[in-house]
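This report refers to the structure that appears directly beneath it.
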Amino acid sequence: MDHRVSVQKEDFSVAQEYEALAQGSQAGAVVTFVGKVRDMNLGDNVVGLHLEHYPGMTEKSLLEICDMAQERWPLQRVRVIHRIGDMLSGDQIVLVGVSSAHRNAAFAACEFIMDYLKTRAPFWKKELTTEASRWIDSRDSDHQAAQRWE
């Protein structure tokens, strides 16, 4: 299996990542998820987001999550890109993409990777609103989503 992980400040091209995931004739299914900066959270207008990470440890954690997905499903390619730094409302934050021979494996693996990324990868998120800024923790619903895979 081919999996690539990137933690970067730069934006990414969903089209380019899709092309890389879809290469070859074995991939009968390609599933992608793109997370974006919302303009509203907890009743407040969000104007931006600041993301920090633990260099080296974050990439290792993401690779481990990809390996766990590979152990559960027959995947051909996995791509995880997570941005750091300052972003504005509407900007792309994260891409998770997987290819597999079958759609069920591709859908499940993509969801698994995103659920584990939200709860296990060392990222810190500060939300900037029109009134103030605040650090955002993982939500209970994120942990519940990850627990269903255990």
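From the backbone N, Cα and C atoms, a Cβ is placed for every residue, glycine too.
Feature annotation from Swiss-Prot assigns substrate binding site to Lys36, Val37, Arg38, His102, Arg103, Lys118, Lys125, Lys126, Glu127; the stated evidence is similarity to another entry.
Annotation note: Arg38 (substrate binding site) sits in a coil segment as assigned by DSSP. All protein chains included, Arg103 (substrate binding site) registers 12 other Cβ atoms within 10 Å of its own Cβ. For Lys125 (substrate binding site), the number of other Cβ atoms no farther than 10 Å from its own Cβ, over all displayed protein chains, is 16.
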